[in-house]
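Working notes, beginning with the structure itself.
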Amino acid sequence: MTTENFGFKVLARDGAARQGEISMPRGVVRTPAFMPVGTAGTVKAMYMDQVKELGADIILGNTYHLMLRPGAERVARLGGLHEFGGWKGPILTDSGGFQVMSLAQLRKLNEHGVTFRSHIDGKAYEMTPERSIEIQGLLDSDIQMQLDECVALPSPEKNTERAMELSLRWAERCKVAFGDQPGKAMFGIVQGGDIARLRERSAEALKAMDLKGYSVGGLAVGEPQEVMLDMLEVVCPILPTEKPRYLMGVGTPDDILKSVARGIDMFDCVMPTRAGRHGLAFTRFGKVNLRNARHAEDHRPLDPQSDCPASRDYSRAYLHHLVKSGEALGAMLLTWNNLAYYQYLMKGIRAAIADGKFSDFTAETTEGWARGDMPAL
């Protein structure tokens, strides 16, 4: 049930995996949760009603993109991001920091914040911890992120430590700027690259700030999966058990299964939507590339057992035709399929944890991927 305050409850455990609920005034988020990415106020190639019907309880908006276009103040005048974009449930916004570090031009970073030029028109902006929280407040998101500095991996240890310590100081400033908002939350972001002692230092310091939730950032940025999982094994035991844990920017279905097993509750990634726009489908059989000629005369659907019309009601031959022809409907149908599969996976994960059968579910799911797609006709 919805509540006036922000709250998190663990309902079941299976090893380190947790099944629970995040309660907010705008709705309940069932965890483990996958958040479709609505970068600029839209989950690309999807209607918001479709996203909801697939089982998503929460979506993500991107502070950097929204502050540049249409502008946070304009969104506020139009009633906030929920009203503006037609999504009535909870919304999480990132701080904009990752995009500033990776997309923006001519960055200048110091203790106060970061100045940069828009990748769209070259206009100069300044992002500080206080301004990031102000923008997220104008967007009226339900869960907000601290501003942090995310370094690309591999990174020299000295630079990684400097960025981590700066992010901790920025977390303190974000906490002050956020203040007391009972129905909302600000999450701190654990940084430290691929260095265990830095991750420990970051997690311990953020834990001491007694925030409402905790994110793990700076992973899934090109490092091997084993490194990401090693860092989760360092961080998750430190973070409070009664607070939600969010792994930012992750990831593949396999990443999700292995991260849930280490105690992560929330995920987001552009992968299912981006892959759909490039002809790639996620299914119970693993990844299926609809560009391949083997599908050109295949009358079978992607997955006859799926509840999603895109997966069940359209032939592989038709999807292949749409993708090869560059038709917009191809991107729409494959994005629909992919988000349906991700939510199907999360639903299965939650049920398996509740039943104490998460390891069995993981084994069955990975065996399905390993068997591969149905044989070609």
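The backbone N, Cα and C atoms fix where each Cβ goes, and this holds for glycine too.
Under the three-state DSSP scheme, GLY96 (substrate binding site) falls in the coil class. Sequence annotations record features per position, and here Swiss-Prot assigns substrate binding site to ASP94, SER95, GLY96, GLY97, PHE98, ASP148, GLN191, GLY218 based on sequence analysis.
What Swiss-Prot records for ASP94 is active site, proton acceptor. Over all protein chains present, the Cβ of ASP94 (substrate binding site) has 31 other Cβ atoms lying within 10 Å.
The average pLDDT computed over the region 'RNA binding' (249-255) stands at 96. Taken from Swiss-Prot, the feature region 'RNA binding' applies to 249-255 (among others).
Per Swiss-Prot, active site, nucleophile is recorded for ASP268. All chains included, 22 other C-beta atoms sit within 10 angstroms of the C-beta of ASP268 (active site, nucleophile).
Summarising the annotation, Swiss-Prot assigns region 'RNA binding' to 273-277 (among others) and lists sequence analysis as the type of evidence. Remote same-chain residues near the region 'RNA binding' (273-277) are listed as 36-37, 43-46, 287, 331, 333-339 (criterion: CB distance under 8 Å, separation of at least six residues from the stretch ends).
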Shell of the substrate site beyond ASP94, SER95, GLY96, GLY97, PHE98, ASP148, GLN191, GLY218, same chain only (C-beta within 8 angstroms of their C-beta centre): MET101, MET145, GLN146, LEU147, GLU149, CYS150, SER167, ILE189, GLY217, MET248
Please report the distance from the Cα of GLY218 (substrate binding site) to the Cα of ASP268 (active site, nucleophile), rounded to the nearest angstrom. 13
Close in space but at least six residues away in sequence, with Cβ under 8 Å from that of GLY97 (substrate binding site), the same-chain residues are VAL114, MET127, SER132, MET145, LEU147, ASP148, GLU149, CYS150
DSSP helix/strand/coil residue counts for the region 'RNA binding' (273-277): 5 helix, 0 strand, 0 coil
Could you measure between ASP268 (active site, nucleophile) and GLN191 (substrate binding site) for me? Cα positions, answer in whole angstrom. 17
Of these binding-site residues, GLY96, GLY218, which scores lowest on Cβ atoms within 10 Å? GLY96
Secondary structure content of the region 'RNA binding' (249-255), with strand meaning DSSP E or B: 3 helix, 0 strand, 4 coil
